[in-house]
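Trainee: Annotations for this protein, taken from Swiss-Prot, read as follows:
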- C521: active site (ACT_SITE)
- 1-14: compositional bias 'Low complexity' (COMPBIAS)
- 21-30: compositional bias 'Basic and acidic residues' (COMPBIAS)
- 42-57: compositional bias 'Basic residues' (COMPBIAS)
- 71-80: compositional bias 'Basic and acidic residues' (COMPBIAS)
- 81-107: compositional bias 'Acidic residues' (COMPBIAS)
- 315-328: compositional bias 'Polar residues' (COMPBIAS)
- 188-313: domain 'BAH' (DOMAIN)
- 345-876: domain 'SAM-dependent MTase C5-type' (DOMAIN)
- 445-508: domain 'Chromo' (DOMAIN)
- 1-107: region 'Disordered' (REGION)
- 152-171: region 'Disordered' (REGION)
- 315-338: region 'Disordered' (REGION)
Amino acid sequence: MAPSSPSSARPTRASGRKRSAMAEEIHQNQEEEEEVVAASTAKRRRKAASSGKKPKPTPKQAKPAVAGMKKKGETEKTEPVVDDVCAEEPDEEELAMGEEEAEAEEQAMQEVVAAVAAGSPGKKRVGRRSAAASGDHVPEFIGSPVAAAEAHSNWPKRYERSTAANKPEEDDELKARCHYRSAKVDNIVYCLGDDVYVKAGENEADYIGRITEFFEGTDRCHYFTCRWFFRAEDTVINSLVSINVDGHKHDPRRVFLSEEKNDNVLDCIISKVKIVHVDPNMDPKAKAQLIEHCDLYYDMSYSVAYSTFANISSENGQSGSETASGISSDDAGLETSSNMPERTATLLDLYSGCGGMSTGLCLGAALSGLKLETRWAVDLNSFACQSLKYNHPQTEVRNEKADEFLALLKEWAVLCEKYVHQDVDSNLAGSEDQEDADTLDKDEFVVQKLIGIRYDGTGRKKGVYFKVQWEGYGPEEDTWEPIDNLSDCPLKIREFVQEGRKRKILPLPGDVDVICGGPPCQGISGFNRFRNRDEPLKDEKNKQMVTFMDIVAYLKPKYVLMENVVDILKFADGYLGKYALSCLVAMKYQARLGMMVAGCYGLPQFRMRVFLWGALSSMVLPKYPLPTYDVVVRGGAPNAFSQCMVAYDETQRPSLKKALLLGDAFSDLPKVENHQPNDVMEYGGSPKTEFQRYIRLGRKDMLDWSFGEEAGPDEGKLLDHQPLRLNNDDYERVKQIPVKKGANFRDLKGVKVGANNVVEWDPEVERVYLSSGKPLVPDYAMSFIKGKSLKPFGRLWWDETVPTVVTRAEPHNQVILHPTQARVLTIRENARLQGFPDYYRLFGPIKEKYIQVGNAVAVPVARALGYCLGQAYLGESDGSQPLYQLPASFTSVGRTAVQANAVSVGTPAGEVVEQ
């Protein structure tokens, strides 16, 4: 595993010893330390640059580094150990975030009410257009009408008689008296299949369409029907077409053919336009010749539903056979063989966290018959990297910034070209002899081996660094050296690069089949009061979206799956969501965007997230898996993305499983106290529900091949069943919260609920104090959300769900208390709410483990997506429909046949709303 990015000061053993001091001392002595480091480094580098040998330091025993992780004393300031105890009071940010969540919840409810009042958009296409008639000419049809039998056969709905009781509406299809094959407008003859410009509204660019019908309506008016082409700016991408971020640019001559059609009066036609269809996989030279003499070209189709840009199956523009519902399914069920799949694909997990997304994708792909291997992972959080590496030992896990990872990939390609692809033996022939012939100074020694590589983009000397193992010294004396310092060691560099390329420690373009990741966009956070609404990408906190797309552009994987919060579709008119979609389309990827709710795939939490598929034109565009559990989806999306919710149509009545509740998830786990120091323990009981039996399965039964055919460590043990320890004051408070559904701080002595559900002090009850002298009911609880909140010290219940799994476990302003115990939910309980298998072990302080779990993509959602990915990769789906109905056996694959013990967990609480 690669270490974290180096700090601004060059790490040496001298600086490493200083950096092992307390953080306060580091801060006070930082400038002095940098001067010392700079001086010592300069001297040593002069020696190394001339000889490739290292000055001998004063030996010192170093603390052992965590396996696969960076030694803190060498390359960065030591991070203080986080105290795994709940803070005494919520800080200002915590309270503000809570109020922001409450406001968002209220706004979501208002959106739902407004949507209900306005009527459901259903499947209405928002891309409809009506052209404005103009001109003084008299357009006319040419020739005889199409034979009646042929016309009735080709356009049957045009000749259906409408009942007198039904008044025609705007969306109703016009009725025809007869059809024609050609027409004349402004003395120009137009035929069926011609591409034309059509008059648009005022201040709008002319529409572009393909004529599919000429007919005389029952009202004696002359009409034509157009199948519309969309410019990039006419699609959901909209204004993002004009931006230019790191080469992201659309070809103005490129248009997209849609299935959208409208009827317009004949004199709306302006002129012909020459449009050619280009195979997206055509050779660039042939493509350039083909489009040289045309006005426009198209290589993909566009659909408003799921903001889809996809291949066109044939040159005549037919989009293939589509079912009426837009849903495909596999009634054959799943193969449940325990053998490892034969077909393999490689995965790069960016912003991986502890690996929830890639783990789920691999599990789902295995069910489809594809062995998807997480070969590389990148994340800035060292604890998350440690967790991922432990659970996926074959993965090259890099603890570094994504932009430095990209810079390293480009430098790695240069090194591979120099030391692997070219014949460098002649150039290096005398290098080893020269190195051996050099006389060693008494304060120097020889480079034994290079054992790591990274890119430093923040230090004084930017560029590639190698981790050097020095001859005669142990691993605690390894150091990072810039490549310039190793100019006299080309054989060592060649040896490292050739071995690294053989092992593929870093991917080159063409090595990666799938890239997944969720680039953080903290610049759109509600707590960020300085959000840049006009140009979100200029906010440094949103730049990772650009980096993610830059990595995609460089590596050109077959598939891309980006996950993010729904706010990317809401903030600044969906700027970031549109940017991501626009980038993929500009890079000639097929693309599709959908919103999925975790609870719909077998979890007792809501959590709605955005998932963006991308697929090379040579591959099948994956579908979205339809829900398998009966969860009511609430909370809308902006109008531009109103048709992107992955759900069944309102008219459909699918057979879904009953929504899961908290009791289904963790009612089998043993009781633990507020302070639980053991991260490994026994279950002490059997599973009680189907979910619990499944979540306890081992890796092989889950089709998790991270450890090959072998069972992984700790299987069968209960891991990370530890709560964040409440401080003494909060523990006293929690012990007085009643064990009942809906209990919270309002049940404590001295609190009274007044008008409008606002809490107030009970004048008849003297204020109660804790043993520390602090009040039983803290002031912040009384004032939170203007006294209307039910969240402070709120207790969950067995028959409920949670809106989302949080990254912090403090009970001050959220409902997170265990249903029957005086503590918050444990890490394992939260992990189950995210669908992590029980064998998945986490590393780091307790607070860090909560963060890893809360930031992860829900594993069952990723698993369902992985199944659809596998089907597309293997060519077992055609990509023509956006949705896929999972086989009935999908939710029970791999589960044991043991009957569940009866357990009463209540009934579903009904609709759930994301907060």
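Note that Cβ sites are derived from N, Cα and C of the backbone, with glycine treated the same way.
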Trainee: Treating G and I as helix alongside H, and B as strand alongside E, what does DSSP give for the domain 'BAH' (188-313) in helix, strand and coil?
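Mentor: Tallied per class, the domain 'BAH' (188-313) gives 22 helix, 60 strand, 44 coil.
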Trainee: Inside 10 Å of the Cβ of C521 (active site), count up the other Cβ atoms and send me the figure.
Mentor: 23
Trainee: Could you check what DSSP calls C521 (active site) once collapsed to helix, strand or coil?
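Mentor: DSSP call for C521 (active site): coil, neither helix nor strand.
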Trainee: With DSSP, how much of the domain 'Chromo' (445-508) is helix, how much strand and how much coil, in residues?
Mentor: 21 helix, 24 strand, 19 coil
Trainee: What average pLDDT does the predicted model assign to the domain 'Chromo' (445-508)?
Mentor: 94
